[in-house]
Structures are given as C-alpha cells and as structure tokens.
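Lifted from TrEMBL, the feature list:
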type     : residues : note
TRANSMEM : 52-73    : transmembrane segment
DOMAIN   : 56-177   : domain 'G-protein coupled receptors family 1 profile'
TRANSMEM : 93-113   : transmembrane segment
TRANSMEM : 119-137  : transmembrane segment
TRANSMEM : 157-180  : transmembrane segment
TRANSMEM : 186-209  : transmembrane segment
Amino acid sequence: VVLSSGFLYFNLLLLYFVQKDHVVPIYVINLLISDLIQMSCMMVFVTNPNNGSMLVYLITLMASLGFMMCVALERCLIVYRPLWYRINRSVKVSVLICVIVWLFPLVPLALDIFFQTDIIFATFFLLPLPVFVFSLVGTLKSLSAAISVSSEEKRQIVGAVVLVFLIYVLLFLPIVINLLPNKWYLSLFDVSNTFIRLSPLADLVLYVFMGKGATDKLRALLCCCRKETQRPKQQVLTVSGDRTGTVSSM
C-alpha cells in the first residue's frame, strides 16, 4: 500500500509538471521505474531474504507487465486509430491509467491470501496475452494504411510492439505454464524464475528501439557491417615474362 501510494504521488507530480500540449512517454517512464525497483529488490533479497523485498518485487513485476500492455496498446492505436488517438490522448488519462496499474497488483495479492492458490497469479499473468496479440496483429495490418505516420515512426512502432510481444512470450509465459497446474515442478520453476528475472534487462532493448532514430542507426550499422563483409575484389595487374594477367585480391 505504501509503495502504491508513493507512485500515486509520483504520477500526480508528473501530471503537474508536464505541459498540457506535450505528452511524454508516461508508460515507458513508469515501466523504467518498475524495472529499476525490481533490480534493486533482487539485490536486496540476496543479502537479506526476510525483509519483504520479494513482496515489493512481485508488485512491481505485475505492474511492469501492465505497463508493457499499455505501451503495446498505445503504439497500436497510433497506426490503428491515429485520428482518435490524437484527439483523445491526454496526460490526465495516462496518469490515471498508471495509478490503476500500480494499484491493481494488490487485487491478486489479496485474493491469494484468501484462497491460497497459485492459479490466481497464473491467471493474472495470462490476461495480457489477448491484448498483446491484438496489438501485434492490429499494428501489422494497419501499418500500410497509416498515411499520417512517418516511416521512421512506423519502424519504431513495429519494433516496440514486436519486442513487447517477444518479451512476454519468452519471459512471462514460462511462469504461467509453471503456475497453472497449481503444482511446483522444481526444474521448470528454476527455468521460468530465471527467465522472468531477465525481464528488466530485456526492457532495455525496448527503450533503445523507442528512442528517436534508433532504428535508422541500427540499420546503418548493419549496412556498414554488410559492406565490410561484401567488399568487392580488386583487380591487380601482374606481369610475368611475356604474359600479363590479373590477380584477385581483397
């Protein structure tokens, strides 16, 4: 409750300082904060496992999944409903959604205390799957029809949506498979637990792709590497007695 109240205060400050005509990536900022708290909790847990850091970690983990869903939906709406998005986007609405995302993990925690079953957490982690699938399919289908969106922004949107989907499938679904039978399998638990703890590091790639000009820089780097590996052979003239010829060299 204290953690959720703190981030409620943070989002209210964000609402106060952000200008009305300039919408910052609020969901990405909150996702970054949740990732930083997760990494801090993992380091604290190693030194002192009995200080409640895992409870905070679980709350921020569920919140980060919610913000990933918000990022995917927002990127999808830019190309799927661009006019509606430009008219209805608002800092106040975004901050309200962020507050809900921070408070919502308290619901499965309370239900788990009452029912004592892991299926509750498995259901929570499985709920975003239709949203991610809809965002990916809707983005890819609407990409060519989005005339008002620049090509650079389209590459950023596709990169962000695809990365969010892959992060969810590769890092979050294994823990769902482990929790659904309501029975722990040690080997599967170790693998899924390792994967889900890599999610803050995987989000770093998402931040890079959502940066301005990131995709162009990546393409330029790949093109340079390709040119280096496919450099044309030079023709060198050689003279040997009465015969002349060419020798290929790099």
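Just so it is clear, glycine is given a Cβ too, placed from its N, Cα and C backbone atoms.
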Go through the chain and flag residues at least 6 beyond the ends of the transmembrane segment (186-209) whose CB is under 8 A from any CB in it; none is fine as an answer. 28, 31-32, 35-36, 38-39, 42, 61, 64, 68, 71, 156, 159-160, 163-164, 167, 170-172, 174-175, 177-178, 215
Across the whole of the domain 'G-protein coupled receptors family 1 profile' (56-177), what does the mean pLDDT come to? Round it, please. 86
Could you break down the residues of the domain 'G-protein coupled receptors family 1 profile' (56-177) into DSSP helix, strand and coil, giving a count for each? 105 helix, 0 strand, 17 coil
